[in-house]
Amino acid sequence: MRVVILGSGVVGVASAWYLNQAGHEVTVIDREPGAALETSAANAGQISPGYAAPWAAPGVPLKAIKWMFQRHAPLAVRLDGTQFQLKWMWQMLRNCDTSHYMENKGRMVRLAEYSRDCLKVLRAETNIQYEGRQGGTLQLFRTEQQYENATRDIAVLEDAGVPYQLLESSRLAEVEPALAEVAHKLTGGLQLPNDETGDCQLFTQNLARMAEQAGVKFHFNTPVDQLLCDGEQIYGVKCGDEVIKADAYVMAFGSYSTAMLKGIVDIPVYPLKGYSLTIPIAQEDGAPVSTILDETYKIAITRFDNRIRVGGMAEIVGFNTELLQPRRETLEMVVRDLYPRGGHVEQATFWTGLRPMTPDGTPVVGRTRFKNLWLNTGHGTLGWTMACGSSQLLSDLLSGRTPAIPYEDLSVARYSRGFTPSRPGHLHGAHS
């Protein structure tokens, strides 16, 4: 079957790889000159299935009000003037109760665990290199309340069979030796030994090269104008004067998926702006061994070979990609506070990206009401964590095979009742 994939981020390229391996003739289209040059370029570097959790959580509405008055708040909201943003935020608020949180986190962990397993198989089969490490993740708590709240997430981990260690502050250095210098600032941590790390951009670009060698065609520097449809079928992708045709089409445009599907399929995917710093390592014994997640500031600090990646924060501000100095100051503050000798912060590269988020935190994966239009988008801050699993799942569904995990609740159909986002018309040209 001929398949066109829209988007060459980690999700689009992983989709291309798995569909190619299933025997399909695959073409990838992207406006950028190469793979992984937007949201997949400089994310936090964590592959953390156990920490897969929605931003929509109990207590978040009250915290959001408090964060409005804090300099280093992990979440910020600025109205963009669209009804779509308001409806999206309302649906997110409706997911902030305990029952929705547990349901959403449960399916996110399910997909993320499966994705890590798929990555392991891919790594074993191809020996793909991406500065990957398998040292686990350590979530750090600064208050006793955070330490006590960890029991809620532990229940989900136990249900999913995810190994963990709940550590007091005196034991944090057993996992991350450099934290011995700052343990007095912390109340403890939750360690997930099976989590991994790696450079998402390096992985995506190397996988794209492997996919191209295997027969996948990449059309870079090719802005997409619109999808062409007739009845319940998509019959082409209009790119300037050219129409690219296939038997099936996969939407993996990330945050731009919603606008590109305008008038065809409504999906509740909204950009969640995040930031990162990439820092050269200064002192080896002062740098992280693997990756940590600061629960207070929602910031991850991840070790690559000779670099430290510091990433996090969430801004609900539309498609704004301005690099804001206060956000850089927050990232610098956290990494200096936890790893004061770790990196040359003054030499850091500052970056921002738009993570495609659904109100419940779970991606939309599967077929739409159009027989040949498929979705693999809306992974939020977990695109790197979920890419291989959601792409293997998509390949299985499109190929008529039975997937290895339950998948019905990943479909966009879960939004068919009670939430139909208005189409963001002024964003229509965002990808073209």
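The backbone N, Cα and C atoms fix where each Cβ goes, and this holds for glycine too.
These features come from Swiss-Prot:
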{"type": "BINDING", "residues": "3-17", "note": "FAD binding site"}
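Using a 10 Å Cβ-Cβ cutoff, Val13 (FAD binding site) registers 32 neighbours. Counting every protein chain shown, 34 other Cβ atoms lie within 10 Å of the Cβ of Ser15 (FAD binding site).
Note on Val11 (FAD binding site): other Cβ atoms within 10 Å of its Cβ, all shown chains, come to 32. The sparsest Cβ neighbourhood within 10 Å, among the listed binding-site residues (Val3, Ile5), is found at Val3. Here the Cβ of Trp17 (FAD binding site) has 26 other Cβ atoms within 10 Å, regardless of which shown protein chain they belong to. Take the CB of Gly7 (FAD binding site) and look out to 10 A: across all protein chains shown you find 32 other CB atoms. Cβ neighbour count for Gly9 (FAD binding site): 31 (other Cβ atoms within 10 Å of its Cβ, all protein chains included).
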